C-alpha cells in the first residue's frame, strides 16, 4: 500500500484542458499517449468552452467515446457570439477555473493554440503557479488569434511547436530555447497514416450521400474574423454564392463560436443552404472521419487552419479565403484568395483547384510528435524554480535619455545616381537637405558601388555630429527599376553597366540599414507628394524635364509602377511618326524633342551652321555648346532657336495632352531644369488640343530644388510613418 502511494506521487500529474472540437483533434493523440503510460503519467481532463453547447454539437461526447474520464466540465461560454460575449466568456472561465485547478493540483497544464478560452486557462494557471506547456505557439496566422497565441506563449513555461519557423519566432520573442521542443503537429501522427483506412468510401456516403464518389465533392469550413467581422461575413456570402454556382455536392460545417458566427449562420439559412439538395450542413464531424473526408475531397474551401495545415498531409487542393490564416506556412496545395471580393474570383479558384492532387506536405510534422512530447514532459524537472526567465538579447550600451537624444532629427540617406554625377544627401523628415555630397559617377559597376558606399559611410559619420538619426537609404536612378527587389532591370544609356543589378543587397549588407530603390521619375513624384505641390493631392503627374524626360504617376494616393515596372515612362510617349530618333531606339518620342540632350543636339546643329550666335553671345572654343546656349539665343531673338524651343514645347504639350486624356489627373507638375521654359508652351497646347473637360487641369512648376534626393528620402521617411508604395 505504501509502495503504490509512493509510485502515485512520483507520476507526473498532467492536466489537459480542451475547449472545442478543433483543439481536441490536436490534444487527443497526446492524451492517448499519456493514457498508455499509467506508470509515468496521471491524466486529468478538463472540458470547457463550446464542447458543452448543443448548437456546436455537444462535442464533449466524442471525448467520452474515446473513453477518457472527464474530471471537470465547466460551462464558460456566454452566448451572444459578439466581441462582448467573448470577453464575458473569458471572465466567466476565470471565475470557475481556480476551484478546479486547486482541486486537481496538476504538475503541468497542457494548453493548445490561440482561442480566447485557452487564454483564460493560461492566465488562471500562471497566477496559480502551475507550469504550462503551450502547444503550437510561435505561429503566425493574422487576426486577433495572433495576439492571443503570443500572449499565451508569454505566460507558458514550456513550448511544443510544429515548425522551425515557429521555434525561431519564439526565440525572437525572448523565450528560453532550452524549453522549446520542435515536435511537429500531434494530429499529423494520425493524419500521415489516414490513407490506410479502408472504409473511407462508407464515410463519404454517410456524410455526403450515397451517389457521391471520391474527389467529387467539396468540404467548406469558414469562420468569422473577429477583427473584421463585416468583411468576413461578406466573404462567407460570396463563398456560398460561388459554391451554389459551382453545383457540386458540398459538406459545409457550421462556423466556430467566435464573434460574428451568428450572422454567418443567418446568411447560410437565408440562402437555404440547409435545405439545398447539393449541400449537407453539419455542426460537427468526428475528427477521424473528418480527416477522411478532407483526404478524399475534390477541394476544401474556407479559412480553417485545417485547410492550410492538416490538408497538406494528403495533397488535398485547398482554397484559403480572406486574411484569417495570413502568415501561416503552407504547402503548394493551398491557393490563397486573400482579397475575396467577388463571387467570380472564388468561382474561378474552384475551377482551378477542384479535382487536382498535390504532393503530400510534411511542413507540420513527420508522424512522431506525440512520442517527442511525452519524452519532453518526462524531462521536466519539477524541482526547478517556477519563475519564468526570458532570454533578452544582449544590449551593448545603455544610452541614457538626454537633450541630444530628444532633439535628434529623424533623417534618411538619399542617393541620386545621375548620368554625370553621383549625389548623396542627408535629408530630414521635413525635407531639408542637411548636407550634400557630390562626386563624378564612375564608369564601372564595381567603382560605382564602392563610391556609393564610401559616400554613404561618410554621410553616416557626419550624421552623428549633425544629430541626425539615419533610418534607411533611398536610391534614385534612371531606367526601369523593380522596387520590390531593389533591382535595376534596364538602365539608360547614360549609365553604363547598370542593368539587372541588385543595388539593395550590397548597400543593406554593408551599411546595416534598410534600402529602397526606384526610378528617378517615380522619386520625383514621391518628392512632390511629400514635400511639394502634390501634398494632399490624390491624383497627379510629375514630369521631369532634364537631360532626359521622365516622370511619375500618383493615382488614388498610390505610386503606379505597372505590370513590368514600366509605368510613367512619359518621355517615350510618341508624338510624331516621322520625328527624330530617340535614345530608346524609336522615333518621335517626347524625349527626342524636349530633353536637354535633344536641345543640345539642335544647338550644335545651329552652331555648326553658324545660325546659333546672335549679338551679345559668345562661345569659347573650349566650351561645349549645350541647351543653355540655345535658350539664351532664343531669348535674344534668334528665330531659329525660338523655332526649336517652340517645337520642343509643343511636343511636350502634346504628350501631356495624351496623359490628360488617359488618366485625367487634377494636377501636372513640371520639374527639372527646363520646367520653367516649358510652362507657357504646355499651357498653350493644352488650351488648343485638349478636350474641354481636361483644359482646366492645374499646371505647376516644381519649387523643389532636389526632387531626386527628396524623392529617394521620402521612400525611407514614409516607411517610418507606415506609408508604403
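Every residue gets a Cβ built from N, Cα and C, even glycine.
Since we're looking at a predicted model, the values are computed, not measured.
The active site feature in TrEMBL is assigned to 520. Feature annotation from TrEMBL assigns Zn(2+) binding site to 572, 582, 584, 589. Taken from TrEMBL, the feature domain 'UDP-N-acetylglucosamine 2-epimerase' covers 40-377.
Within 8 Å of the Cβ centroid of the Zn(2+) site, not counting the listed residues 572, 582, 584, 589, the chain contributes 571, 574, 583, 585, 586, 590, 591, 592. Of all the binding-site residues listed here (582, 584, 589), it is 584 whose C-beta has the fewest other C-beta atoms within 10 angstroms.
In the predicted model, the domain 'UDP-N-acetylglucosamine 2-epimerase' (40-377) shows an average pLDDT of 90.
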